[in-house]
Ligand SMILES: Cc1cc2nc3c(=O)[nH]c(=O)nc-3n(C[C@H](O)[C@H](O)[C@H](O)COP(=O)(O)OP(=O)(O)OC[C@H]3O[C@@H](n4cnc5c(N)ncnc54)[C@H](O)[C@@H]3O)c2cc1C
């Protein structure tokens, strides 16, 4: 059976990989000249199993109000007349109800744990190198008031099966000596030893190369314009290549992994998906003084900024903006990331060699990805991974492969059926 995977971000490429490993014939289609060139390009790099709580939680509406009007706020809403933005914002508010947050957190935690296992197994099978570090993630709290919540947070994570340990300021400094550049900024931390970090784009590209070496057909520079449907089945995808040549690619089944753009292709088929683009930014900086830069991946819980060491570079990422499909890089959103690196790790980065980037998180209101059957007989979805696409990629792909094979994935999650 031939399965065509639409979209070659980290979700699409891992989906194609797990399908191929299960014996399916696979092809992969993307408008970019290679894998992982859109949202999977320069994300925070964290395999953050210890962050299953969605943005939609009971505190979120109050925080959003507090940040209203601030250009450098971690969350910025640029209101538009687009009804999709309003619909999504209303659903987001609904997901902030305590019982919805609990349900979403549990489902994400289960999928994230499964995903971590699958990622480690994939690494063993393929031997690919993607600047990975299995050194855990240290969550940092700046004020004593925020740190006071750490024991409760650790115990909630432990109940979900996720190892997490409260660490004093001194223990944080011992774990990551580079934090000594600004010790006063830290009240304490929460350490998740099983978390990891790595370069999602490199991973995606390396895995795509292995797919091709094992016989998958990869169609680059190929824009998917619409899907052809006959009698409740997808016949194929109408595509256009870089030279403007049009054609149709067909398969026995189709998986949509188009990130924020999934809705555009699905809507004409009568399938609405609650995915809205939530823009985020990152900087990737060369290191001026490697020993002053952290090696443990960090999450600044107070500023909502994450940071990962990728080889001889430092990636700092964060911020969320509801601004439609705009990927313009705004200097006022980049500056807080630079300032964060500057003040936490003085002299570590070379400010003459900084690459800014913006990408669109394919966010569902509760941050639960859509994995499973679509509305047509041979249509499948694996999309809407929001803030955790890199973390959840391998688990989502393995679970979808099991569903396509007619099996039940070994994880408790509200799959689509
Ligand atoms: C600033 C930032 C930091 C983040 N940090 C982390 C992190 O630390 N950890 C984590 O787990 N997650 C993180 N994320 C989230 C993660 O990056 C995303 O969830 C993930 O990359 C989504 O992958 P995807 O494959 O679903 O989408 P994408 O990577 O966007 O892939 C979709 C693909 O579809 C293709 N496509 C779309 N439309 C068409 C079309 N019509 N024709 C052909 N091709 C098309 C695109 O070219 C693209 O390659 C972060 C995101 C951002 C923005």
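Glycine is treated like the rest: Cβ placed from N, Cα and C.
Here TrEMBL flags 3-17 as FAD binding site. Annotation source TrEMBL lists domain 'FAD dependent oxidoreductase' at 3-403.
Structure coloured by features recorded in TrEMBL.
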| residue | record | contacts (Cβ under 8 Å, 6+ apart) |
| --- | --- | --- |
| 3 | FAD binding site | 16, 19, 24, 25, 26, 27, 251, 252, 253, 254, 255, 404 |
| 5 | FAD binding site | 12, 15, 16, 19, 26, 27, 28, 29, 254, 255, 257 |
| 7 | FAD binding site | 29, 30, 256, 257, 258, 259, 261, 262, 383 |
| 9 | FAD binding site | 35, 36, 38, 39, 40, 204, 257, 259, 389 |
| 11 | FAD binding site | 40, 257, 259, 382, 383, 385, 389, 393, 396, 397 |
| 13 | FAD binding site | 28, 35, 36, 204, 207, 208, 211 |
| 17 | FAD binding site | 122, 207, 210, 211, 397 |
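Around residue 15 (FAD binding site), taking its Cβ as the centre, 34 other Cβ atoms fall within 10 Å, counting all chains. Mean pLDDT of the predicted structure over the domain 'FAD dependent oxidoreductase' (3-403): 95. For the recorded site, residue 17 (FAD binding site), the DSSP three-state label reads helix.
In the vicinity of ligand 1, defined as a Cβ distance under 6 Å, none of the binding-site residues 3, 5, 13, 17 are placed. Under DSSP, residue 5 (FAD binding site) is assigned to a strand (E or B) in the three-state scheme.
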